[in-house]
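As C-alpha cells, the structure follows; a few thoughts come after it.
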Amino acid sequence: MSTIRLIVGLGNPGPEYAATRHNAGAWFTDQAARREHATPRLESKFFGLYARSGELHFVWPQTYMNASGKSVAAVARFYKILPEEILVVHDELDLPPGSARFKKGGGHGGHNGLRDIHSALGTPDYWRLRLGIGHPGDKSQVAHFVLKPPRSEEQTLIDIAIGHALDTLPDVLRGDFPAAMKTLHTAAK
C-alpha cells in the first residue's frame with residue numbers, strides 16, 4: 001500500500017478561470033493544503049504553485065490544463081515520487097455535481113489535463129479524485145461549459161462533495177484507498 005506524496009490540483013491559471021468548473025481540482029487542493037498547513041508559492045522549476053508539508057507535496061500547474069503533465073512530472077522527478085504515490089484531483093463531466101469518486105489508472109476520458117499527465121508520466125497508473133461537475137448535455141458545448149462558473153446550486157453541491165473528500169484525507173495520505181472509497185462513495189450519494 002503506497003502512501004500519497006503528491007496532490008495535484010488541476011485547473012487553469014489566472015483570476016479569470018479561478019471560479020470555473022475546470023478548476024474544481026484546484027479548489028480541493030487549496031483546502032487540503034490549508035488543512036496540512038502548507039502555503040503555496042510560485043515555483044518556476046515546477047511550472048506552477050507548489051507547497052509542502054513534511055513529505056507531502058502539493059502542486060497547482062500554472063501551464064494551462066493541456067500542459068499539466070509538465071508540472072506534475074517535474075515535481076515527481078525532483079522528489080522521486082512514483083506514479084502510484086500521486087493523487088490528481090480534477091473536474092469530471094461524467095459525474096453530477098455533488099459526486100466524488102476515487103479511481104486508480106484508466107483512460108483520460110477526453111480530459112486534456114489527464115491526457116497530458118498520462119503522456120508526461122508515461123503511465124495512467126496514478127490515483128485520481130474525480131469531482132463531479134455535470135455535463136452540458138451536448139458534446140459540442142463541453143469546452144464552453146467547463147470554462148464557466150457553476151450555477152449557485154451546483155457550486156453548493158460541488159463544495160459539499162469537496163468537504164466529503166477532504167474528510168477522507170487521513171486515509172488517503174496513509175494510502176488506505178479502500179477505507180477512503182468506502183467513506184467517500186457512501187457520503188457522496
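Residue positions begin at 1 at the first shown residue.
Cβ atoms are placed via backbone N, Cα and C, with glycine included.
Annotated features, as they stand in Swiss-Prot:
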SITE      N12  site 'Discriminates between blocked and unblocked aminoacyl-tRNA'
BINDING   Y17, Y64, N66, N112  tRNA binding site
ACT_SITE  H22  active site, proton acceptor
SITE      D91  site 'Stabilizes the basic form of H active site to accept a proton'
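Sequence features annotated in Swiss-Prot and their locations in the structure.
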residue : record                                                               : DSSP (3 states)
N12     : site 'Discriminates between blocked and unblocked aminoacyl-tRNA'    : coil
Y17     : tRNA binding site                                                    : coil
H22     : active site, proton acceptor                                         : helix
Y64     : tRNA binding site                                                    : coil
D91     : site 'Stabilizes the basic form of H active site to accept a proton' : strand
N112    : tRNA binding site                                                    : helix
* Asked: Compared by Cα position, which of the recorded positions N12, H22, D91 is the closest one to N66 (tRNA binding site)?
  -> N12
* If you take the centroid of the Cβ atoms of Y17, Y64, N66, N112, the listed tRNA site, which other residues of that chain have their Cβ within 8 Å of it? -> N12, H22, T63, M65, A67, S68, G113
* Structure fact -> Integer Å value for the Cα distance linking Y17 (tRNA binding site) with D91 (site 'Stabilizes the basic form of H active site to accept a proton') is 13
* Quick one: of N12, N66, N112, which of the recorded positions has the smallest count of other CB atoms within 10 A? => N66
* **Subset of recorded positions (Y64, D91, N112) lying within 10 A of N12 (site 'Discriminates between blocked and unblocked aminoacyl-tRNA'), CA to CA, in sequence order** => Y64
* Asked: Listed tRNA-binding residues Y17, Y64, N66, N112 - what's their greatest C-alpha to C-alpha distance in Å?
  -> 16
* To do: Note down the number of other Cβ atoms within 10 Å of the Cβ of Y64 (tRNA binding site), including every protein chain shown.
  => 16
* Structure fact -> Candidates Y64, D91, N112 (recorded positions); nearest Cα to H22 (active site, proton acceptor) turns out to be D91
* Hey, of the recorded positions listed (H22, D91), which one tops the CB count within 10 A? -> D91
* Structure fact -> One should report the C-alpha separation between D91 (site 'Stabilizes the basic form of H active site to accept a proton') and Y64 (tRNA binding site), rounded to whole angstrom, as 14
